[in-house]
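Annotated active site per Swiss-Prot: His232, Lys234, Asp239, His413, Lys415, Asp420, in sequence order, evidence recorded as sequence analysis. For 227-254, the entry in Swiss-Prot reads domain 'PLD phosphodiesterase 1'. Sequence annotations record features per position, and here Swiss-Prot assigns domain 'PLD phosphodiesterase 2' to 408-435 based on sequence analysis. Summarising the annotation, Swiss-Prot assigns transmembrane segment to 9-29, 46-66.
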Amino acid sequence: MLINFFSSIEVLFVIIKWILLLGYWWLITEVTIRILFKRRTVPSAMAWLLIIYVVPFIGAIIYLLLGELNLEKKRIKRSKIIWISALKKIKKLKNYKEIFTTKNSHIARSLFRLCKHRQGIGGVKSEKINILNDPDNVMQSVINDINLAKISIEMIFYIWHPGGWTNYVVEVLIKAANRGVKCRLILDSAGSKNFLKSIQVKIMRKSGIKIVEALNLNILQIFLRRMDLRQHRKMILIDNYIGYTGSMNMIDPKFFKKNRKIGEWIDIMIRMEGPVASAMRIIFSCDWEIETGENIFYAPYDTKKCNIIKKDNNYKTQVIPSGPGVSEGVIHQVLLTAIYSAKKILIMTTPYLVPSDDILHAICTASQRGVSVYIIIPKFIDSILVKWASRSFFSELLHAGVLIYQFEGGLLHTKSILVDDQLSLVGTVNLDMRSLWLNFEITLMVDNRNFGKKLKKIQTNYMSLSKVLHLKEWSKRPYWKRIIERFFYFFSPLL
């Protein structure tokens with residue numbers, strides 16, 4: 001009897017073993033097929049295959065969580081409907097002919113055409129554009145504009161961190177809401193998680209400020225949506241007339257990540273007046289409706305004010321939103337076209353340098369065909385993974401003649417590109433795969449030499465606070481560092 005019992009247990013264990021083995025192979029086979037049949041770059045596919053075969057079960061789970069661009073079905077359906085509606089709004093905007101640019105420089109012409117074809121809207125004019133590169137000046141300017149707001153204040157931020165200047169912004173927002181100004185905030189659930197749980201948010205909501213938590217982190221949705229898909233835009237809109245965008249989150253650098261020992265974050269923000277704000281607000285209204293279901297679109301820029309923008313010396317701008325469901329891949333196309341458009345000089349600043357193969361080759365080719373190429377990156381960054389992955393690209397860039405400047409004055413967070421002193425791109429997009437293909441981002445393109453000169457002055461100042469990396473010096477680094485670099489290089493398509 002006892003022998004039969006143990007025999008039955010043994011049979012049961014054998015059955016369980018085979019079930020687990022078959023389940024394991026089914027999972028690996030299923031994930032492998034999904035990787036191979038998804039449209040992705042070869043390096044990305046190879047990196048994922050390595051992960052699931054080196055750490056099979058865990059690797060497969062990681063892929064299901066982070067490897068595919070999944071959104072909830074309801075959100076996908078809502079997004080499509082809203083963006084179709086946005087195209088109709090854009091067509092209405094075309095009736096305001098005075099606000100659109102008709103001529104561009106030879107450097108920018110193809111880029112503006114590309115954006116018009118992909119997004120359905122061409123470049124728009126801006127009456128005034130200022131570059132603000134001092135955080136105190138940025139915050140003071142924002143506070144002044146909020147105090148003068150009469151109709152609406154709308155903001156999108158990835159990070160909203162309390163302390164210092166940010167607390168003053170909260171105070172003036174509450175005052176604005178109390179005097180009848182409509183205030184709407186979209187804050188990313190991950191980047192602003194501490195602020196969203198704070199007492200400040202409760203007070204703001206009581207005063208009438210609407211605050212939406214974008215892409216909510218929910219453990220129940222872990223297999224339905226990528227948790228690392230984030231709302232990475234930084235935008236401020238006031239009265240549908242003033243707009244801000246750039247790389248700066250709603251933070252006071254003196255109070256943000258003080259314990260990381262990497263210095264204060266260095267950013268720029270662009271303040272604009274005029275029709276460009278209407279183009280930016282279409283993006284905000286779509287994001288708001290996707291998150292809340294509320295349609296807040298209203299008439300664009302007041303054409304009665306167009307007596308100024310008819311002049312030829314106004315700024316020609318293009319607002320470029322990017323992210324899932326929003327002209328997918330457009331920002332990658334824009335960056336490639338901008339790099340290939342360079343004839344004399346190309347200056348790029350980015351905190352995270354993990355480019356796609358196409359962008360890497362475009363940068364190297366630009367240098368090899370005689371363009372002076374400068375890349376400014378921070379010497380110290382807040383991500384060990386990105387640090388080593390970035391270093392894996394240095395050799396190829398240096399051999400191509402690209403000058404790499406390592407900024408030592410803090411964490412350089414500015415994302416900017418300047419082409420031949422004429423064409424400028426500033427915004428939230430890092431030179432990494434997450435910004436290029438995953439996150440919701442915004443980029444401002446400006447076709448104006450005076451603006452380019454101002455941006456170049458800031459970039460030149462960054463260079464003065466940087467150390468140039470020389471090929472001879474780089475070639476002497478220890479072999480253990482080279483091994484780590486090559487390891488992270490293989491996984492760079494996933495960062």
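Even glycines carry a Cβ here, placed using N, Cα and C.
On the structure: features taken from Swiss-Prot.
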residue: His232; record: active site; contacts (Cβ under 8 Å, 6+ apart): Tyr158, Asp188, Gly191, Thr428, Ser435, Asn439, Phe440, Glu441
residue: Lys234; record: active site; contacts (Cβ under 8 Å, 6+ apart): Ile156, Phe157, Tyr158, Tyr244, Thr245, Gly246, Ser247, Met248, Asn249, Met250, Met269, Thr428, Ile442
residue: Asp239; record: active site; contacts (Cβ under 8 Å, 6+ apart): Ala149, Lys150, Ile151, Ser152
residue: His413; record: active site; contacts (Cβ under 8 Å, 6+ apart): Ser247, Met248, Trp265, Ile266, Asp267, Pro351, Pro378
residue: Lys415; record: active site; contacts (Cβ under 8 Å, 6+ apart): Ser247, Thr349, Thr350, Pro351, Val426, Gly427, Thr428, Val429, Asn430, Leu431
residue: Asp420; record: active site; contacts (Cβ under 8 Å, 6+ apart): Ile107, Ser341, Ala342, Lys343, Lys344, Ile345, Leu346
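Confidence across the domain 'PLD phosphodiesterase 1' (227-254), taken as the mean pLDDT and rounded to a whole number, stands at 92. Here the domain 'PLD phosphodiesterase 1' (227-254) is broken down by DSSP into helix, strand and coil counts: 0 helix, 11 strand, 17 coil.
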